[in-house]
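To keep things clear, I will list the structure first and then write my remarks on it.
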Amino acid sequence: MTLSVYFVTPDGVSDALVLAAARGGATAVQLRDKCASDAAMIAQARRLKAQLAPLGVPLIVNDRLPVALAAGADGLHIGQSDGDPARMRAALGPDAILGLSIETEAQLAAVPPGIVDYLGVGPVRATATKPDHATPLGLDGLARIVAAAAVPAVAIGGVGAADISALKAAGCAGIAVVSTIAAAPDPGAAAHELALAWRHA
Ligand code: TZP
Ligand code: MG
């Protein structure tokens, strides 16, 4: 799984925007929607899975294990209060992708070994996209966590193309973004810019 340009969707994202991001260069997509019903999210995840699979872009569902299972998604991403990672792994099976959000060094120290495939570390900066976010880590705090992580880690929260060289130097496996792609005038071009910046950093 390539996490270099990880697009995390805003609530209510259109299929067209996700496809534009993937065609532009997003290497992984997380369907994150805090408002949709499970039924609506399952339907959208099924559609997206069918369209992303030919592009080789995995579809990961945020928070909702039943949605990930019902939709046949490639994986699940959970936060600190979304349940026990070992229980999620048992339900998903060994081949699914399981990601976990990390906000502090203490949370990193508590990650059960051999359960999760990658970590989402952040927020790097304050961001309006997640109003209830934890205290921002800054690039230094991010780098400390990433250096100590046993699995690949992506940086999230207020990051964009200008951060990529610092994130790569810190050892990140990728950059995870919502608004840098979703709020861009041309989301496909924004994803392409991130992919190019990652490749050339
Ligand atoms: N988790 C930590 S920050 C964040 C999530 C889902 C939102 C990131 O959004 P943006 O727009 O890329 O800052
Ligand atoms: Mg969550």
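Using N, Cα and C of the backbone, Cβ positions are placed for all residues, glycine too.
Matching Ser101, Ser165 to the 4-amino-2-methyl-5-(diphosphooxymethyl)pyrimidine binding residues that TrEMBL gives (Gln30, Leu31, Arg32, Asp33, Lys34, Asn62, Lys130) identifies Ser101. Each of the binding-site residues Arg32, Lys34, Lys130 was ranked by the number of other C-beta atoms within 10 Å, and first place falls to Arg32. Spatially close to Gln30 (4-amino-2-methyl-5-(diphosphooxymethyl)pyrimidine binding site) yet at least six residues away along the chain are Tyr6, Phe7, Val8, Thr9, Ile60, Val61, Asn62, His77, Gly99, Ala176, judged by Cβ distances under 8 angstroms. Selection of the binding-site residues Gln30, Asn62, Lys130 by a Cβ distance under 6 Å from ligand 1 yields, in sequence order, Lys130.
Its own atom aside, the Cβ of Asp82 (Mg(2+) binding site) has 16 Cβ atoms within 10 angstroms in the protein chains shown.
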